[in-house]
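J.: Next up is a structure, given as structure tokens.
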6 protein chains.
Amino acid sequence: MTRIDGRKENELRPVHIVTNYLKHPEGSALIEQGDTKIICTASIDDRVPPFMRNTGKGWITAEYAMLPRATEQRNIRESAKGKISGRTMEIQRLIGRALRAVVDLSVIGEKTIWIDCDVIQADGGTRTASITAAYVALALALNKLYEENKMEKFPLTDFLAATSVGIMEEHGTILDLNYSEDSQADVDMNVVMTGSDRFVEIQGTGEESTFSHEQLLELLELAKGGIQQLIQIQREALGPIAEKIGQ
Amino acid sequence: MTRIDGRKENELRPVHIVTNYLKHPEGSALIEQGDTKIICTASIDDRVPPFMRNTGKGWITAEYAMLPRATEQRNIRESAKGKISGRTMEIQRLIGRALRAVVDLSVIGEKTIWIDCDVIQADGGTRTASITAAYVALALALNKLYEENKMEKFPLTDFLAATSVGIMEEHGTILDLNYSEDSQADVDMNVVMTGSDRFVEIQGTGEESTFSHEQLLELLELAKGGIQQLIQIQREALGPIAEKIGQ
Amino acid sequence: MTRIDGRKENELRPVHIVTNYLKHPEGSALIEQGDTKIICTASIDDRVPPFMRNTGKGWITAEYAMLPRATEQRNIRESAKGKISGRTMEIQRLIGRALRAVVDLSVIGEKTIWIDCDVIQADGGTRTASITAAYVALALALNKLYEENKMEKFPLTDFLAATSVGIMEEHGTILDLNYSEDSQADVDMNVVMTGSDRFVEIQGTGEESTFSHEQLLELLELAKGGIQQLIQIQREALGPIAEKIGQ
Amino acid sequence: MTRIDGRKENELRPVHIVTNYLKHPEGSALIEQGDTKIICTASIDDRVPPFMRNTGKGWITAEYAMLPRATEQRNIRESAKGKISGRTMEIQRLIGRALRAVVDLSVIGEKTIWIDCDVIQADGGTRTASITAAYVALALALNKLYEENKMEKFPLTDFLAATSVGIMEEHGTILDLNYSEDSQADVDMNVVMTGSDRFVEIQGTGEESTFSHEQLLELLELAKGGIQQLIQIQREALGPIAEKIGQ
Amino acid sequence: MTRIDGRKENELRPVHIVTNYLKHPEGSALIEQGDTKIICTASIDDRVPPFMRNTGKGWITAEYAMLPRATEQRNIRESAKGKISGRTMEIQRLIGRALRAVVDLSVIGEKTIWIDCDVIQADGGTRTASITAAYVALALALNKLYEENKMEKFPLTDFLAATSVGIMEEHGTILDLNYSEDSQADVDMNVVMTGSDRFVEIQGTGEESTFSHEQLLELLELAKGGIQQLIQIQREALGPIAEKIGQ
Amino acid sequence: MTRIDGRKENELRPVHIVTNYLKHPEGSALIEQGDTKIICTASIDDRVPPFMRNTGKGWITAEYAMLPRATEQRNIRESAKGKISGRTMEIQRLIGRALRAVVDLSVIGEKTIWIDCDVIQADGGTRTASITAAYVALALALNKLYEENKMEKFPLTDFLAATSVGIMEEHGTILDLNYSEDSQADVDMNVVMTGSDRFVEIQGTGEESTFSHEQLLELLELAKGGIQQLIQIQREALGPIAEKIGQ
């Protein structure tokens, strides 16, 4: 049985990444994954947060937001509400944590890289697409640092991408859920993996539902296939910079 | 003496407007005016604010924000600060007020149109370009209402666009300042006008400076010329919808 | 046709300014303009905001508030709401900007003058009356600095006052609107001018309305006449200090 | 040994009360007690807070604030800080509680009286002077209600005033402390009493100090004398309305 | 190699659960797991949040906090900071989501169960111990509802408990990390499982680290063993109520 | 006539104090007074607030909170509301002020002692029981400082405890009100006294009621008796440390 948009269970939506989409940031990428569109930027700041001072190491932190009309119904801006939702906080903590796993922070030195992921249009999978595109923006910004400072080592130790997988009653396990699938899925899992097939983060949730050990293994297998394809797309977007990663 | 980007004193930057840029909103427009890029959306909400209830009339309200890295230096998000700056409030009040001047609110009935202007990339003139593009998004959304509800009258009574003008020591009065010009100008003025050359809003400010009656008249003349060109661009972007305006 | 309070179109309400109304501030003034009563104070702080440090120049910043029962209906305090309204922010930014236009900030040195305008009773025109009275409080505080520090130059370069003008259907253009007139006016304009008839700020707005070039010129002419009278009243209130201004 | 301003230990500062100081509120009073100046207003609201609904009884609530430059050093506005200090909350809870003790809330019916006490100039004793003047503003507002609604009973059951008393090493127990005395006192006590010499509130505090039973009795005796004088001043300010109180 | 507190790799810390620890809540439990001590309560509220109205189903929501001195260093209270941290939000969302997976919300009807987890003393694993104890408090509260309303079905469909597992360089995979272990672990994973060995939530994170598929399988095996023991302890704490679960 | 829980008018509820209840804080105490249960901790911080810097003296500050389900009805957390209530602020200011009266702050040196009082279960008298138990936690923490720093003088100058007293129509004056009594009392008074029978704080309030001089004297007599008993219980809880107090 084909999915609502005609995809197979193990098929990603079409993915396009535009590098250097904006003129001001040190690195930026626009990702379109199906109807999900996100602008990710990486900004270099010559200070680190207090807990990193005098460690000789850098830091990477992320923020995530949606335009009010990225969604079917207009959302109230978090600036107007005066506070950030729990969902937003979870996502931005996840993005920062994931990226830090493939960066050698001691190579960067005491700098902070601010990652901003702003969802222009949302159709499911915004947190995983944010990670995939933020990785590209980060690589571009780090390459600038690397070139300008004539660093000895490129600070990225591996590739990194993310995908959602899930379980729907009528389809079983599926890859890269769009919004309509996500809102009906029994189990929703986000997986972040490196270019060498190692896990950085697994977040699997049965909302009013549960899943078995066998289902878990199937989900992880699907995720691995999707992430390998996404890393190939990142590689193409980055061109010669890709060669420096993990060296 | 030519301006920093080679323009003449009375020359606008190149302006492009993409209509229906996003899939969810009732109306949307992406404007590029030089390096300034803004996404404007118009969302229809079937409720009005408390002070408009039982008046039989609609309301138009606007919000404005910048992506953190729309600018040369990264800005802290207003959602992270937990409050909206005075500058943001001034701009969103201005946008809402300006648009309401050319809408027959009694034709709309008790609905609110939410205008969202999100600056993707900033290079001066973001508040005036927001008004110019928000007008287009609004026209698209109102056309949807007009068609769906088979209204007898199109709710827009006139065209509306905005521009900045200013005074710089080395150039005298100039039209459509970019960021570099704006930060050096002695006098900065924003003008909102209709398609029939009437003023909706004039905000002229000498920051640590003043200006004479003669200079004011020159500034207004420049603004009028720029706004007439902007309205021509709106007209082209809107196509057949443009014919309904002011009928 | 006479106005609701019997004035002519080009007539100000009676204006009284009491200097040094309070004992603690370096400068203070109580203004009564018709039934509008405002206490303005100027406080000298030996620090400047971060963006002015090491520039050798001073800064002037303003805050504006209303007592809860300054108005016909009681307002909720902004401290109780925990945030400042857009209207308040616009007004306090306007007051600070206007005053800075006639102060030689390099003469003051790295100090901040805090202007506080607290409306005790409101009957229209509170932002313009605030500017007129804040100018007097500022002159008193700067005179104290001038005398104590034996400055070579008096820091005020010119006089400065403000008025509202507007358009009402039954009266045409009118000067110095009271609350009742303001709430019915089609066009509302605030004008800030110097003692040498130069503009510092023009803010003209047609709320759900527009105005022509000819109407604009009439409004500016009325404003100029009113401001000249207000400056004469400031001159009398300041006595011998007035002689030092612009020297 | 005479006090810093020449008063005797049991002497109040000069007290003046101006009734109906403002035009909008239902009741208002300006009190000057030495150099302390406070504007108190009473506003009638035709709703009660949720916990009083359907009880048939009214409510009285108070807010208190200082102008930024009421004091020697400028205070940051609580609206700018976005929160109300503990000191302000304590004072406004005290004022409301004290006034409610002499009002027959069932006579008022389901209305709220909002008391606003805004300190224009502070020189000690602002919370007690607020109570004394708020009582007058309240009496004026309740008289308006009484007359308009032709109530059978006047809602005030007694007079009410407040004073501070304290202990200073060089003076022993003293009445009505000014700011300079207050900041040096070992013990500070605020007493609220009725016209029939009954206590409504006693708040005595030894800041880094303590006091004996004998000292307590002396303080209460001083307070009683001061409050009797303040009630006489209220009586004169209220004129014929005073006759209705407690009837 | 034994662990810092002498445990084996697959050994839980000693766990004690006191039921009905407080007198006011419908259900409450104090859990001590090693030096971690948490009070969990379940409160029944006869309303549901807006998004559940008219669905005929209930809702379960959780809040989590730490006493300021639950930890080695004193934490600033979130009430004093005026906002809730991202970590707190993540934890309370996790607790609520986990519990909802084993409750038949349609049996409860339109009621909300508020779960409060307050950490009295923290030594690692507070989020998983919160889930384990909150389940017990929830069972007690639901039993009260069940008995009082003579429900036909007990609303809990299965047991539910949670544990942390992790990877430390010197120990490999370990069960139930204390604070000292947690702060040195390369990989940290929280697992929530039911009494029938099904997953409800898996959150595995390599902070500046990654993990392989084989390590993941080992971690899950350890977690399963720990959770089975925790469920046995819950069973004993609940006594006869345990018999009703899943019937 | 006996009270609701069978006590005599001058009888305290049973009081138990557990010292060193938690492992992390420098001092801690759990107090149970009837059904009221509070955890108090004292934490030593090597900094003082700005206003105490370079004075050579220490500071003591207190925070107070309730678990959401400490009460019959669940309270919304103040962290979730984003602000602290007036009641909480009053209580924490009272606790800090009271304790400072019996500490020689110059002996401590420039350190802050943070007192945290967290109400686990509430049944009236939480602010006075907080003071009584916070005193014990403070003594434990100061003893640790005293021993570690080999201070010459023990910083506590006297014992300190607190109780509520009140007036109920059917009982007259009573000691140590539980929640049910407190909510019906006409007059409510909190008294803080030292071991040498001196007052530190008296806060007596007639909520919609008043009290005479004679009633005041009776209330103070009752309070004195209760406080002497509470100090005896503190003495036993502190054991040999009690001998150092006031030396």
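The backbone N, Cα and C atoms fix where each Cβ goes, glycine too.
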J.: Can you find which of A:Arg87, A:Arg100 TrEMBL lists as binding phosphate at the same site as A:Gly125, A:Thr126, A:Arg127?
T.: A:Arg87
J.: Please identify, from the binding-site residues A:Arg87, A:Arg127, the residue with the sparsest Cβ neighbourhood, meaning fewest other Cβ atoms within 10 angstroms.
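T.: Each of the binding-site residues A:Arg87, A:Arg127 was scored by Cβ atoms within 10 Å; lowest is A:Arg87.
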J.: For the domain 'Exoribonuclease phosphorolytic' (A:11-141), report the average pLDDT of the model, please.
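T.: Across the residues of the domain 'Exoribonuclease phosphorolytic' (A:11-141) the model's pLDDT averages 95 on the 0 to 100 scale.
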J.: When you average the Cβ positions of A:Arg87, A:Gly125, A:Thr126, A:Arg127 for the phosphate site, which other residues in that chain have a Cβ within 8 Å of that mean position?
T.: A:Tyr64, A:Ile91, A:Val119, A:Ala122, A:Gly124, A:Thr128, A:Ala129, A:Ser130
J.: Including all protein chains shown, what's the count of other C-beta atoms within 10 A of the C-beta of A:Gly125 (phosphate binding site)?
T.: 25
J.: Taking the residues A:Arg87, A:Gly125, A:Thr126, A:Arg127 listed for phosphate, what is the greatest CA to CA distance in Å, to the nearest whole number?
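T.: Roughly 13 Å, rounded to the nearest whole number.
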J.: Which residues in the same chain, at least 6 apart in sequence, have a Cβ under 8 Å from the Cβ of A:Thr126 (phosphate binding site)?
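T.: Spatial neighbours, sequence-distant, of A:Thr126 (phosphate binding site): A:Thr36, A:Ile38, A:Tyr64, A:Met66, A:Ile91, A:Cys117, A:Val119.
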J.: In the domain 'Exoribonuclease phosphorolytic' (A:11-141), how many residues does DSSP put in helix, strand and coil?
T.: 42 helix, 41 strand, 48 coil
J.: Take the binding-site residues A:Arg87, A:Gly125, A:Thr126, A:Arg127 and keep those with a Cβ under 8 Å from any chain B Cβ; what remains?
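T.: Checking chain B against the binding-site residues, no residue falls within range (Cβ-Cβ under 8 Å).
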J.: Quick check on the domain 'Exoribonuclease phosphorolytic' (A:159-225): DSSP residue counts for helix, strand, coil, in that order please.
T.: 19 helix, 30 strand, 18 coil
